[in-house]
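Novice: Take this structure first; my questions come after.
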Amino acid sequence: MFEYIVQQLINGISIGSIYALIALGYTMVYGIIKLINFAHGDVFMVGAFVGYFAAKAGLGLFWSLILAMAVCAILGVLIERLAYRPLRGAARIVILITAIGVSFLLENLGIYALGPQAKGFPEIVTKTQYTLFGDVTINSVQIIVLAVTVILMVLLQYVVHKTKMGKAMRAVSYDMEAARLMGINVDTTISFTFAIGSALAGAAGVVFAVMYPSVDPLMGIIPGLKAFVAAVLGGIGIIPGALVGGLVLGIVETGVSSAGFSLWRDGAAFAILILILIFKPSGLFGKNVREKV
Amino acid sequence: MLAVDNINVFYGAIHALKGVSLDVKEGEIVTLIGANGAGKSTILKTLSGLLKPTSGSIQFLGDTIHGRPAQQIVKRGLCHCPEGRRVFANMSVEENLELGAYLRKDKEVKSDLEKVYVKFPRLKERQKQLSGTLSGGEQQMLAMGRALMARPKLLLLDEPSMGLAPLLVKEIFSIIKEINESGTTVLLVEQNANMALSIAHRAYVIETGKIVLAGDAKELADSDEIKKAYLGG
């Protein structure tokens with residue numbers, strides 16, 4: 001029984017860390033412009049496709065990841081420039097609806113350009129099982145997912161806390177007007193935030209496709225929504241919250257499946273969303289703050 | 001140094017500044033006094049680029065600055081220390097001060113940081129503390145220190161005494177005087193007209209978006225009109 005639980009924890013943490021990578025983008029963008037960027041899951045899908053084509057062209061995992069992150073960073077900046085920036089200062093619901101529009105646009109462009117069928121993802125990582133102890137195993141894909149997540153988290157912590165741009169990001173997300181008075185270029189800072197968040201989603205897309213080896217234009221919807229749940233669970237706008245929210249969600253999901261209710265897996269994720277919104281809308285890490293008027 | 005000519009500013013349909021003109025000369029402390037909602041903070045926000053005037057012009061050190069983005073104005077040496085301090089409460093005291101020097105690329109940022117700590121020893125003690133945990137007076141010192149980190153030529157101070165105990169108000173005002181004596185020009189907005197007039201060289205009185213009186217600070221402090229309206233007697 002103990003070994004079974006440890007095994008499920010390993011499985012849960014590996015899928016959870018993918019949710020965490022996507023959730024970071026949601027939470028960073030929300031932190032800075034108070035927008036739930038519903039197109040974020042589709043950026044994840046684009047990342048998976050870039051990884052797919054890179055792998056088909058013979059690139060290894062490392063370069064596929066780098067390429068997917070770069071393309072997604074540019075895509076994220078473009079989405080912000082073209083769709084959200086012209087609406088800066090408009091009511092929040094207007095930008096939210098625009099985000100849903102961008103999401104549909106990316107999905108349908110994907111179907112138009114690439115066809116609706118799922119494509120098998122090339123095997124760029126040889127899957128080997130390692131026995132940890134007893135019956136508990138971990139495979140090479142899970143190890144890679146964990147390694148990618150940990151490396152990106154450390155990099156993100158460094159960027160946010162130690163670099164000038166990271167300080168600017170935190171300043172803008174705390175008080176945009178005061179940040180302007182420091183001489184911070186708010187538009188550049190917002191673009192930078194979209195670039196980082198989208199690059200993380202791109203990386204998540206590639207490792208997701210390595211784990212579940214297939215890609216299709218609608219693959220971003222469910223992981224995107226779950227990452228949104230993870231971000232809300234941890235406290236939207238709070239970076240460590242997204243990490244913890246993603247891991248908790250992954251573990252709960254795997255727990256529900258392994259207890260024999262695998263049909264309820266997605267339901268459990270959304271039940272968490274409903275429960276957290278009823279009982280602690282600010283999330284696990286959030287403080288209750290009054291809305292600024 | 002600063003010349004504001006006939007600016008008009010609107011908040012939506014509200015005409016907040018109606019043809020305001022004023023000037024500040026190098027080395028001065030100039031104060032803007034007036035009641036709540038008269039438009040004092042609006043003037044400062046327009047100077048620092050947070051608001052754009054619909055007409056009129058603002059010249060700073062020979063450059064036209066109205067309509068420019070805030071970061072370009074800060075770069076020219078006009079720094080605005082806003083009402084209510086607006087420190088970044090989620091960051092440490094030192095990080096706040098470093099953000100003040102955001103646009104500077106020279107090597108003297110570190111030594112300026114030390115100078116700010118000499119001027120405000122209490123900030124040094126709380127260097128690593130989150131600035132949200134500071135008292136009101138300390139936050140005001142932090143906001144002023146942060147503005148000084150940009151090496152301003154003209155410092156705009158908005159209500160530095162707001163919500164502070166009388167002893168602290170005295171301290172803050174003597175620091176403002178020191179800052180001015182070390183070569184920084186100051187434009188000060190205050191509700192505490194008594195204190196403001198006591199350290200300023202010149203003053204403007206603003207009422208419902210218009211300058212209604214201007215002159216030497218001592219003379220204004222002695223005029224009966226001002227005494228009645230703003231000095232409580």
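Backbone N, Cα and C atoms are what each Cβ position is placed from, and that goes for glycine too.
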Novice: In TrEMBL, which of A:6-28, A:167-189 is labelled transmembrane segment?
Specialist: A:6-28
Novice: Any chance the transmembrane segment (A:227-251) and the transmembrane segment (A:61-79) have 3 or more Cβ pairs under 8 A, given the pairs are 6 or more apart in sequence?
Specialist: no
Novice: Under 8 Å between C-beta atoms and at least six residues away from its ends: which parts of the chain pack against the transmembrane segment (A:61-79)?
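Specialist: For the transmembrane segment (A:61-79), the list is 25, 37, 39, 43-44, 46-48, 50-51, 54-55, 102, 124-125, 144, 148, 191, 194-203, 205-207, 210.
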